[in-house]
Amino acid sequence: MTAGGAAYARPKMAACRQITSMETGKNTEDHLKAHKMKKKILRKQVRAQHTLMRHEGIECISHATQSLVIANAGLGNGMSRHQLHRIVDNYGVVETLLMPPNKPYSFVQYESTEEAKKAFDALNGKEVTLEDFDQNIVLYCNFVEKVFWKNSVPTSLPPDLKVIENIISSEEERKMLESIDWRGDENTQTGLPEICIPFLEKCLKQGYIKHKPDQLTVNQYEPGQGIPPHIDTHSAFEDEIISLSLGSEIVMDFKHPDGHTVAVMLPRRSLLVMTGESRYLWTHGITPRKYDVIQASELGQKVGTITADVRDLTLKRRETRTSFTFRKVRRSSCNCIYPSVCDSQKGQQRQAEPSFPHNEMEASELEQQYVHKVYEEIATHFSSTRHSPWPRVVEFLRSLPEGSIVADVGCGNGKYLGINRDLYMVGCDRSKNLVDICGEKDCQAFVCDALSVPIRSGSCDACISIAVIHHFSTAERRLAAIRELARLLKPGGTALIYVWAMEQEYKNQKSKYLKEKHGSKDKEEESSTGTSQRLLDDQKHDRSSQGSARSDRLLDDSEDKGCAAKPVADSRLPVHTNRTSFHSQDMLVPWHLKGGSKKKGAVVDEASLAGCKESQELSPVFHRYYHVFREGELEAACRSLDCVRILKNYYDQGNWCVVLEKL
């Protein structure tokens, strides 16, 4: 190489080294970016794992399976079923696609593990654009074992609520919308416009409504707007409230005071009719959002409730909706059967409520009026709802030796007296009418008070007291009832006691009483696990049938867990709203007597009835006294007796329970 050539080669080599250096720097920068992105994806994956465990108790796993959970691809993020199915369908045969309502994740199960692994590699960290929202999101994937999701049970409409589809024609809808003058600030008017008269007359003629309204409120809702949850003021309007949906369908949310919610689809040109419980007790509202979660199979055309079936939910974008809401102005105070939420009755209620007893005589009178008399009146109806024995009570009875003598103190209609034919069982109850029902079943039972059972001391191998002691109105009387059970037992004999619990939500689980559906009013509400929660409007948690054997429950509102409860400063007994959590240990619980169940010729005492005249004629409402036990209270009462020891104590679907042994 010549000197000139060497001189030329040096800058060329230097340039090559510079280019190589630049490329190396760029590669290093790209590598760092890729490393940071990988760490970010891993961090997001771990966060998604924690979210899934917290929400569903489902654990993600490190090895590949057929099932993936995809974070940020949920209905709660705005991902529709149609779009997600298109995305995941690219990588194999999708066997199942589960989209839980309002959650930020979805589950997909492929036909093979290889297909799931292919989807994982392609989708983890992938950015996609939500079709309906023009918004970018990043997907994060994890493997899970096969996901088992409980089959959703169709939800019933709230009681006394109706949705009538296609109540008007498209032409009638157009005319009603064109008739609105939006220039005024007031959208509520007394008196009805002419265009609404034919529609209302049709509703009256068809029997959809009973009374012609005299007030109209018109509202227009754009996507993203809503209505706060509320109950129309009792004192302002009569029972029927009706709402006509024009321009678009909408999902309206109804909520019972116990927290139970029902999402109801109101199709375009449908009529919503709220009466009775749905009007007076449930709140209704529309969540402010731009889309609704609906049934995918019918895309918004379904009338009725939105069932939370994770295999059949998707999103539907909202459109402008106009509502015509008709009401009838009330001219007198409201006298409904829901005093706890009635503004007309809140001031009057206190005068009608009995007080906490301050001595033995007052306690006895309270129990006579609000326990014994009530069970005599409702015995037939009460018995018709009490025929399913609670499993753990049955287990106790079947564990006893053959030939054991067993007393059921507070036997009610005798549903436990024939459980184990190898036992000699005898029942007793304070209600003569319930004891008569036992006789009709060829069961041995007699009338007596649970505080004084005419059975020889130490003659029983076992006793049961199921849902009885919570009807006694002082701590002393409750303790006396437990002592009487112990007196009947032989040494070594055992007693099973159930009482209603203050804690209807225990270890993050709601009891059957709070969770039970609100639809089947004529069905028995006893839970299969041991809680008798009735579904009749009034849902009395009276459990198994011991209407009478108990002299009845005590009224303390104790904060401590002992059996001696301290009375609260306000001595009036509140009226409980059924299917809600308890706010007081001592209360009156309503029972709605169904027609024809009342004892013939019986006189209904006004002091134990509540409700308007019409309601009383059709379905009298009785009030029963209850003392619900706090955790530890029943055990403390038992331990105060030196003649027994606790073998077992447990919580069974809304009840505190103990098994005692006579020393």
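Using N, Cα and C of the backbone, Cβ positions are placed for all residues, glycine too.
TrEMBL: automatically predicted annotations, no manual curation.
TrEMBL annotations:
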type     : residues : note
COMPBIAS : 513-526  : compositional bias 'Basic and acidic residues'
COMPBIAS : 535-560  : compositional bias 'Basic and acidic residues'
DOMAIN   : 66-146   : domain 'RRM'
DOMAIN   : 212-330  : domain 'Fe2OG dioxygenase'
REGION   : 513-560  : region 'Disordered'
Worksheet item: Which residue counts does DSSP yield for the domain 'RRM' (66-146) in the helix, strand and coil classes, in that order?
Response: 25 helix, 29 strand, 27 coil
Worksheet item: Under DSSP, the domain 'Fe2OG dioxygenase' (212-330) has how many residues in helix, strand and coil?
Response: 5 helix, 62 strand, 52 coil
Worksheet entry | Local confidence of the prediction over the domain 'Fe2OG dioxygenase' (212-330), expressed as mean pLDDT | 86
